[in-house]
């Protein structure tokens with residue numbers, strides 16, 4: 001049957017990408033349908049019970065700046081918060097939280113059920129329908145056809161998923177859930193370029209069988225950090241500690257003894273796993289000289305005894321899993337609640353996507369999350385929001401939301417995917433960004449909220465809070481510039497106390513704050529230095545960073561401006577680069593293969609030289625007359 005209601009946007013999949021995509025589309029006013037094989041698993045944390053971290057936390061803040069759900073849901077479910085790299089430069093400081101997975105899932109479910117313009121339906125999708133080269137809808141397992149002008153696919157690890165434990169394997173999307181075999185087969189029929197990747201998860205441990213007296217405690221930070229600009233510490237549930245243990249030489253010997261039954265070493269697994277989140281057997285094999293690896297025991301929630309041992313993801317046989325866990329300090333009597341496993345799944349080459357995350361071959365079909373070759377909740381959620389928003393822009397025939405590399409980590413993520421593709425699961429790091437001083441956690445709202453508000457992603461309450469913060473920052477910076485001190489105005493002992501030396505000349509607070517040995521709090525102890533209005537910690541942080549890093553930021557802005565022309569310069573559709581005179585055969589081949597949308601994208605394709613970019617600029621001015 002054909003369902004009687006036609007939707008603007010259909011989202012397939014209810015993980016982190018799918019929920020953000022559906023919420024984004026519905027916030028923008030589009031009639032949206034979220035289809036999931038099981039409503040009870042909406043927003044489920046399939047692997048580790050944590051959100052954020054270096055690079056990943058930056059993405060969460062960007063999601064939040066665009067009205068997304070992940071940061072706020074983390075504030076409502078986070079049971080431990082830490083600020084990573086707190087003593088380092090502002091660019092690499094990041095927030096990480098342990099989340100109660102039951103609370104997190106319940107919070108996302110509540111957001112979905114209370115979102116206007118959003119319908120939910122429980123049924124696996126087995127087919128997509130086309131009208132020529134345009135998407136027209138989807139068909140579920142029981143034959144219901146839902147019509148829509150745009151579809152966002154966020155299938156995660158479910159497409160032709162296969163789970164491995166030792167030499168045993170079976171079809172599945174994750175433990176306890178079926179694979180999307182029919183949908184995976186249908187997408188292959190559409191000749192979308194695809195491949196296989198692998199990820200894994202560790203065994204879960206019953207906390208009642210852990211000897212915590214043998215472990216090192218790792219408490220959260222005080223004061224407790226907050227993830228969302230709409231959140232507060234008052235939202236946080238009870239806070240708890242994580243715990244640290246280590247592998248040892250006995251552990252490593254046990255792991256090696258299982259190599260002959262490992263699906264990874266016996267060739268049972270074909271997909272490539274994540275380089276930066278390797279299995280414990282991969283670590284022992286690659287770093288054979290290391291006698292020990294640190295393992296974090298992370299609580300799964302406040303109402304369960306389950307612990308997640310971060311660092312021992314494995315697909316080794318279950319008897320080896322038991323032995324390796326019990327070989328570690330504090331875990332001698334540990335009971336495993338769930339075995340670790342690896343999962344192989346289909347992904348689709350993201351070089352077949354536009355910067356909007358729409359496929360180049362099927363109009364109105366958008367991909368987000370692990371289907372694009374990424375790994376991680378945060379990477380998936382960020383893509384989901386962008387794909388959901390751009391699906392609405394597509395339906396409305398309006399320009400897509402495109403984020404530049406110097407504007408957002410989400411811009412870096414998408415640009416890396418669509419220009420370079422992936423040969424292993426892609427994870428975000430701050431080192432992937434050329435302009436990371438611009439892309440700090442603390443200024444995500446300053447970079448993105450205005451763009452989000454313009455297209456309806458950001459609500460009025462968040463927009464009002466943003467403007468109040470922005471204006472407070474501007475007022476305080478201006479006040480610092482107009483508050484002057486002379487050597488005669490301050491007592492000599494006060495000058496030495498605050499500045500470490502006597503003032504040699506008149507200076508304002510703005511110039512004094514730029515000194516490397518001075519911070520805002522110390523300056524405010526000067527007589528007459530305190531502002532008349534009470535400033536939030538977030539405003540003070542922004543003021544201090546903007547003032548102290550102004551010279552570096554200005555230099556980066558000059559570099560960005562010098563590249564902006566080539567970054568945004570559009571390349572026409574339908575160019576046969578084989579006919580573009582002067583380009584080498586390698587460059588012609590790679591440009592035809594990747595089909596970049598802009599000169600900036602072309603410049604980042606491996607093998608495309610600066611000389612080739614200059615030649616493209618010349619041909620662009622002439623209109624590529626010979627190449628159409």
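Even glycines carry a Cβ here, placed using N, Cα and C.
Within the same chain, residues at least 6 positions away in sequence whose Cβ sits under 8 Å from that of residue 16 (FAD binding site) are 43, 70, 369, 377, 378, 380, 381, 384. The FAD binding site annotation in Swiss-Prot covers 13, 14, 15, 16, 17, 18.
In the three-state DSSP classification, residue 277 (NAD(+) binding site) falls within coil. Less than 8 angstroms from the CB of residue 277 (NAD(+) binding site) sit 199, 313, 375, 425, 427, each of them six or more residues away in the same chain. Swiss-Prot lists 273-287 with the feature NAD(+) binding site, giving sequence analysis as the kind of evidence.
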Neighbouring C-beta atoms (10 Å sphere around the C-beta of residue 287 (NAD(+) binding site)): 12
The one of 279, 285 whose CB sees the fewest other CB atoms within 10 Å, among these binding-site residues: 285
Cβ-based neighbourhood (8 Å from the centroid) of the FAD site, residues 13, 14, 15, 16, 17, 18 excluded: 11, 19, 20, 21, 36, 43, 154, 156, 369, 380, 384
DSSP-derived class (H/G/I helix, E/B strand, else coil) of residue 283 (NAD(+) binding site): helix
Residue 15 (FAD binding site) and residue 279 (NAD(+) binding site), distance between Cα atoms, whole Å: 23
Largest tally of Cβ atoms lying within 10 Å of a Cβ, found at which of the binding-site residues 275, 283: 283
CB contacts for residue 273 (NAD(+) binding site) [other CB atoms within 10 A, all chains]: 21
